[in-house]
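Heads up: the structure comes next, in structure tokens.
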Amino acid sequence: MRPERSFPAQVASEGLAIGRISLRRMRRSDARPKGTPEEEIVRLEAAGAAASAQLERLIGRAEAEAAAILEFQAALLADDELLDPVRARIARGEAADAAWQQAMDGQIADYQGAEDEYFRARALDLADLRDRVAELLAGGGDEAGAPAETGAIYVGTDLAPSRFLELDWDAYRGGAVVKGSSASHVAILARARGVPLVVGLAANESMLVDGAEAILDAEAGQLIQDPSAETRARYLRRAAEREAEARRQASHLGKPALTAAGERVLTYINVDDPHILPAVDPASCDGVGLTRTEFLFSGEGGLPGEGRQLGAYKALMRWAGGRPVTIRTLDAGGDKPIPGLTPDGESNPFLGLRGLRLSLARPDVFRVQLRALARAAIEGELKVMLPMVTRPQELDATRAMFRQVVSELLAEGIPAAMPKLGMMVEVPAAALNIAAFDADFFSIGSNDLVQYVTAAGRDCEAVRDLYDPLEPGVLELIHRVAEHGRLTGREVSLCGDMASDPKYLPALLDAGLRAVSVAPARLARAKAEIAGYG
């Protein structure tokens, strides 16, 4: 009988899981003889086409944040600059799999050595793409992608966003990976879906036993392999307590969010993709505080037309049933590249042409979105929010363009209205100068605000301790914006990860916020936390 072993890790998404370890292993076919260069090129093209098809299927069901990452990989597969070096190696006599591996390893090393955090983060996407095509070239696949035995705990070296989306999280109860950061894209996806996840696991494959009973403690941050009877009993009691707590939290869903002192806090939901809405009761929230429209710009078919956008916005308004719906204009760039729209080759895309800056630089695309939003505004209480605003002039220019669009639609005999126009507060310069902005409402984007205030990338494991939402400078800016809203009678909400984390929510309420927007999976928890405040 093996002794109990505990491996420490960092919590990325809180939770508790008891099950059996499912080690991620690569399933490879037997070695095959190398063909002629022509045959190897055919193998490469076939594997690339299969990988593209896999990515497109994932993009079709992914939420906006993940879809943008997958779009980046799909765009790379269609880029001759990536494939030409592989073809050249094959022409010199290398097998397709060796040529692909060598060429991609060189690209990944270049990205990993970049000074800019954006490019270092993209190295993970390149590695994910490398492995996907390599598996297809070998005629095998990733066993982790297959349905797991119910109750399994995914354990591996890393977990890319595309892999996360492929896994059956009704079968897997949680995950533990050696690499990664609590602020990574996968961590964000796990929190949104309520999947317990730890990263930075202090273990290697030789220490872990596939199929061994294990406990994933994504509260204390550890994976316990072969737990003793005493440990198992203790965690079973904790699991029962957690289930009881979940039921208690769920009891708050049908009620307005009130603090212990009886003060009302508006609780909205974030919508990455309208496909999630059938599972959410509109009466459980005060409306939609953030709709990420990037889902419309992902996948095949090019940039979306006015009709397609209008249909999506109207469906959202109908679901809300008269409750306010906030739709954010396209927030492309940074970690959300969109082929054919976002610029290539920026040295620092997080500080480059992104968000509203990109929209104003591409009025041909922006006007189409504004027309669809103006037409949707007649369907209910629509609020339009602008991302990455730095100067008042950007807000003023957008308002002027919006009014012109409404006038044009009315002149064409098309019903339209001017919705409330607000802005994301995620740039420190905007937060410091908040009184200069003539916005109808404000929404604090804490994920980017924390990143910019602390000068620490949220995907960078090496500086994860610096990416601290409770940094006094961050809280001071949040308080400044909230106080401005109180004095001017304009709503200020917060729509980042801080809003639904019990470690941070009390600090937000202390700072004066009385409106938050959270992932639907965290709505009950946020309401329960608010009820215990004060």
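The backbone N, Cα and C atoms fix where each Cβ goes, and this holds for glycine too.
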The phosphoenolpyruvate site in TrEMBL lists ARG292, ASN447, ASP448, ARG458. Which one of ARG248, ARG328, ARG403 belongs there according to the record?
ARG328
Looking only at the domain 'PEP-utilising enzyme mobile' (150-221), what is the model's average confidence as pLDDT?
88
Have a look around ASN447 (phosphoenolpyruvate binding site) and count the other CB atoms within 10 A of its CB, chains all included.
18
Give the distance between the Cα atoms of ASN447 (phosphoenolpyruvate binding site) and GLU426 (Mg(2+) binding site), rounded to the nearest whole Å.
8
Per-residue Cβ crowding (10 Å cut-off), top of binding-site residues ARG292, ARG328, ARG458:
ARG328
Any idea of the Cα spread of the phosphoenolpyruvate site, ARG292, ARG328, ASN447, ASP448, ARG458, as a max distance in Å?
21
Integer Cα-Cα distance in angstrom, GLU426 (Mg(2+) binding site) to CYS495 (active site, proton donor):
11
So if I measure Cβ to Cβ from ASP448 (phosphoenolpyruvate binding site) and keep only same-chain residues at least 6 apart in sequence, which ones fall under 8 Å?
MET388, GLU426, VAL427, GLY496
